[in-house]
Amino acid sequence: DDEEMRRIPYSNEIVLRGHTKVVSALAVDHSGSRVLSGSYDYTVRMYDFQGMTSKLQSFRQIEPSEGHQVRSLSWSPTADKFLCVTGSAQAKIYDRDGLTLGEFVKGDMYIRDLKNTKGHISGLTGGEWNPKSKETILTSSEDGSLRIWDVNDFKSQTQVVKPKLARPARVPVTACAWNHDGKHIVAGVGDGSIQMWSIKPGWGSRPDIHVEKGHDDDITGLKFSTDGQILLSRSTDSTLKQLILTGTSVEKEGRSGGLLCFFDRKKLELVSRVGISMTCSVVRCAWHPRINQVFATVGDKKEGGTHILYDPSISQRGALVCVARAPRKNSVDDYEVQPVIHNPHALPLFRDQPSRKRQREKILKDPMKSHKPELPVTGPGHGGRVGSTKGSLLTQYLLKQGGLIKETWMEEDPREAILKYADVAAKDPMYIAPAYADTQPEPVFAKSDSEEEE
């Protein structure tokens, strides 16, 4: 046991920070010099041990699919490209420096048979590059299928695999993996089953190995051993099947936080346990064989990071390179010339001329250019209105002042005003009245209200 403990490099630790939410995906290239971390904050950060100082800052940050969490990252066998799988239905391929090379096509969601669609129709759950072929990748999706793609053709997959189910339904495939020689693929299905296929001529969707009740809940991780004899699986049902190295979640009422647990492969006994975080769960973990360093990602809704465990006596390169390379301190002899910046387009000569409409509006607002007369400061005409007219037109106002128009309707009774012309109308009828003079009855007017009251 003591000998086994010494082999685990956990005497020292560094943390790669930068993400604002939990780190959900991790990939370390085969040389151990470049690390990829993907997060629920929708971004992928790229770290390079050779060019990184002790500040441990990423050299590039990319957002593969806006609004979609990063779920899986995988390097190609030659480490010149990497696969990025997000919660969208389309996986992306990037080159080693983070430049987009292509995006796989999305299938038609209205086609019922998944084998007739050119791509996935629902969010991806996982993906991995073929360890022996630099042109082949594998993806799994919530639409209930696995698909094998050729990275030279982003328009259609080369193979569609539908897992075996007890009854027809659309059950998501929650995890997928290649074995180390690239001749077998394995899938964890939402019904708890583990299914494996051999890549051979004429192979189809019928699995070669079908473990019906592998787990009681969603399978979150699958991994083959290097010799191909053992398949490791992890699930949210809190069970571990043939596990060697795994991360644990924070228990609500437990005292321990997120841990890394190391198991003996033959005895399946717990060999060692290393505490990573008191408040966050360990989501992804990897033990890199070449640099002999252990990677574990953690995080919550506020921040995320990648913990790297190493031992200076048995680990090589990797974290040791950037930890030893502390940032250079400023010297008293350092001098930096502040450049003088010339921006010719800021000069009035190079500015675009404003539109004529805006110029006219500006001139109208300017009292000098528009020749607008000065307004009265006080008095009845304040603000440009003739206040003494009492709301009437100026002509009416002048006629009233001259006595030609008299407003008597406010003082006299309208009935009396009409009857005072009754005698004149009877003696000298005009217009319509003469035409009906012979047949018109004698008009009888009602007496005034005041007389009736009397």
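In case you wondered, yes, glycine gets a Cβ from its N, Cα and C as well.
Keep in mind the model is a prediction, meaning the values are calculated, not measured.
Here is what TrEMBL says about this protein:
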- 361-374: compositional bias 'Basic and acidic residues' (COMPBIAS)
- 354-387: region 'Disordered' (REGION)
- 435-454: region 'Disordered' (REGION)
- 16-50: repeat 'WD' (REPEAT)
- 117-159: repeat 'WD' (REPEAT)
- 173-200: repeat 'WD' (REPEAT)
- 212-241: repeat 'WD' (REPEAT)
Check the repeat 'WD' (16-50) for me and report the mean pLDDT.
91
DSSP on the repeat 'WD' (173-200): how many residues come out helix, how many strand, how many coil?
0 helix, 17 strand, 11 coil
Quick one: DSSP breakdown of the compositional bias 'Basic and acidic residues' (361-374) into helix, strand and coil?
5 helix, 0 strand, 9 coil
Let's see if you can do this one: DSSP helix, strand and coil counts over the repeat 'WD' (212-241), in that order.
0 helix, 13 strand, 17 coil
